[in-house]
Amino acid sequence: MTAKVLDGKKFAKEIKENLAKEIKELYDSKGIVPGLAVVLAGDDDASQVYVDMKEKACASIGMYSKSFRLPSTVAQSELLDIIDQLNRDDKIHGILIQLPLPEAIDEKVVSNRIHPEKDIDGFHPINNGRLLLGEGDLAPCTPLGIIELIKSTGIEISGKHAVVIGRSNIVGKPTGMLLLKENATVTICHSKTKDLALQLKEADIIVSAVGIPNLVRGYMVKEGAIVIDAGTRVVDNKLVGDVNYTEVEKIASWITPVPGGVGPMTIAMLLRNTFKAALKR
Ligand code: GUN
């Protein structure tokens, strides 16, 4: 079997085109322009690139965006003041604090200051709690993108055995919760899992989100599985995932490339979450 490619770039483009239409309709009917605020503190190169991409994506679909680029020496109190101001700003429906933040700043305190209804990253404990309860719709963007990619195969998720590798609060855990909501049987593997290959061999759906290149090898994958690679590691200036693509594409039914798989979907879901937050007001 040669796996079909789950083209996240193409799919994200379609989602953005649809959103652009919906944004125009929202403006025509209610005069509302969805707005996203992006806050970047420090000079992390990757974060600068991500923030630029997010701003461009907003502009490309007619979404308002406002960005704050702060030095790595910014005081936590200043960051909290900016968030308070954005929480009150009627033009802003979503607030994104680009992570990682400088070491002197407590990420939790800052993320938790965002009003849950403007928390389009889905990181706030209220939104995490809602996700755990199978309620609400502001879930983290990468997991939402992963679910969309799996659904786009046309293969029913309900009743399938899904194995998620990684238990981060941003990707692994919420992906597990969303798969459970879709009635998959979910196993979450992590660094203390004794025999990863044994777990993967049972999986109809594999989602890997740890950042260890070459972790998922062909011999570990069940014939016909869907394999989603959400690993992001930069090696020799190139973005590489967790999956050995050359080996796994011969066994899986569907596979995401890196880059061009999960990454573009994350931005599309960020825009969709911001649109949803605007609709609620
Ligand atoms: N840094 C890396 N990924 C993310 C993300 O999804 N959201 C935010 N805010 N920062 C990130």
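Glycine too: its Cβ is placed from the backbone N, Cα and C atoms.
What TrEMBL says about a protein is an automatic prediction, not a curated fact.
Summarising the annotation, TrEMBL assigns domain 'Tetrahydrofolate dehydrogenase/cyclohydrolase catalytic' to 6-121. Sequence annotations record features per position, and here TrEMBL assigns domain 'Tetrahydrofolate dehydrogenase/cyclohydrolase NAD(P)-binding' to 140-280. Annotated NADP(+) binding site per TrEMBL: Gly166, Arg167, Ser168, Thr232, in sequence order.
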Integer average pLDDT (0 to 100) for the domain 'Tetrahydrofolate dehydrogenase/cyclohydrolase catalytic' (6-121): 97
Mapped DSSP class for Arg167 (NADP(+) binding site), helix or strand or coil: coil
Extent of the NADP(+) binding site in Å [max Cα distance among Gly166, Arg167, Ser168, Thr232]: 15
Residues satisfying Cβ distance under 8 Å from Arg167 (NADP(+) binding site), sequence separation of at least 6: Lys173, Ile188, His190
For the domain 'Tetrahydrofolate dehydrogenase/cyclohydrolase NAD(P)-binding' (140-280), the number of residues DSSP places in helix, strand and coil: 51 helix, 28 strand, 62 coil
Residue among the binding-site residues Ser168, Thr232 whose Cβ has the most other Cβ atoms within 10 Å: Thr232
Intrachain C-beta neighbours of Gly166 (NADP(+) binding site), sequence separation six or more, cut-off 8 angstroms: Gly172, Ile188, Cys189, His190, Ser208, Ala209, Val210, Ala230
Number of helical, extended and coil residues in the domain 'Tetrahydrofolate dehydrogenase/cyclohydrolase catalytic' (6-121), per DSSP: 62 helix, 18 strand, 36 coil
